[in-house]
Amino acid sequence: MHKILKPQQLLSKKPNLTHFFSTKTPIPLPYGTETNDPSYEDIPKPVRDKSERKPYVTPMKVLIKRAKEEREARKLQPCRMLENPPDNGLLVPQLVPVAHQVYEAREALISGISKLVKVIPVQKCRFCHELHIGHVGHEIRTCTGPGSGMRSSTHVWRKGRVHDVVFFPKSYHLYDRVGKPRVVHDESRRVPRIPAIVELCIQAGVDLEKHPTKRRTKPVYSIEGRIVDFEQAKENECNWLDENPGPLTVSDLGTKSDEARNFIADKETDQLEESDEGATDLRDISIGTIESWFKMISGAKKIMEKYGVLTCGYCPEVQVGPKGHKVRMCKATKHQYRDGLHAWQEATIDDLVVPNYVWHVRDLNGLPLDNNLKRYYGKAPAVVELCVQAGAPVPDQYRSMMRLDVVPPDRDEVDLVA
């Protein structure tokens, strides 16, 4: 006769979990639950509506709480010396070598891409920012440029270039990121604009002769929220706004000018195409290029944890520094209400270095991608796709995004697939 348990005994009785999790073999997940894997990443979502604002990296409640705490601390101690770098004008010592690595990785990335685009074909749409890696452009109807409605959103392809594969938005160069963190509208013609990632490296410790910056030896003071520097300026310090900078020569990093670098890249590419071991050399170049890409991205993320980078909530404008500039150049939605000023917010790594996602092609010499089969195709950053087509192994973090485990049906099998 079975023993009847009371409800209290049923609640207190615990199941033996060791029986279910004692095996060492992994249990396969049912179809549709693979998204729980933290390493899984699907293809990026379609481009947001231009009238929508970019999502905040830090929640608004946290930003409001942080601002209240800073205001209360300012009331309790109106005059105080800032202790934590880089807010006090000093460099973060552990990030100085990281900044040099990011700068060198960017130079190696551009050099590698300039060699690969002459061997691997790159297609660029004439009317929008769509990019494609392959001999023939894809047939997916995603064009949003002028006259796209008359063309049924089909792309018109032309030959792509290096700056189409990777795009570095520009930022105003700050001579003193703490003493004068903002560029006003009247200074927009005099202050140079350089790639934002280069400006980030300069503020983090890279010294470029063409773009000088002020380096302090003592921290600054904050008096009622205003930065005051009691350190005496050096006598030989010149006014960077009025001087005419000379050519770029950086002896510490061993970098060269753009013309010389492009000439060397072209010469090496010609030798690469003429050599018998071109395939092996091409694969080595692609592996080195993709390594430079990951090194640049990972290093920039570390620097952005300490050094502020801001972006406009409605347009791609980026400003490296504690505050955004006041140049009235925003032409995005609702710019009339802001008098052309940008709506600054915290930036992400995709705002600093635009990845420019492209469709993954399994065979460069095969048929172009069909619009009816676009849900079976994967995507990847243009740099990653270019290097993979040149022979580099597929990175693990992009395997799910490129949908390598999906077998697309043939064109005549579209109606047979659910």
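If you go along the chain as it appears here, the first residue is 1 and each next one adds 1.
Glycine is no exception: its Cβ is also placed from the backbone N, Cα and C atoms.
TrEMBL has this to say about the protein:
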REGION    31-51  region 'Disordered'
COMPBIAS  42-51  compositional bias 'Basic and acidic residues'
DOMAIN    124-210  domain 'APO'
DOMAIN    311-396  domain 'APO'
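Helix, strand and coil counts from DSSP across the domain 'APO' (311-396) read 19 helix, 15 strand, 52 coil.
Broken down with DSSP, the domain 'APO' (124-210) shows 16 helix, 15 strand, 56 coil. The average pLDDT computed for the domain 'APO' (311-396) is 90.
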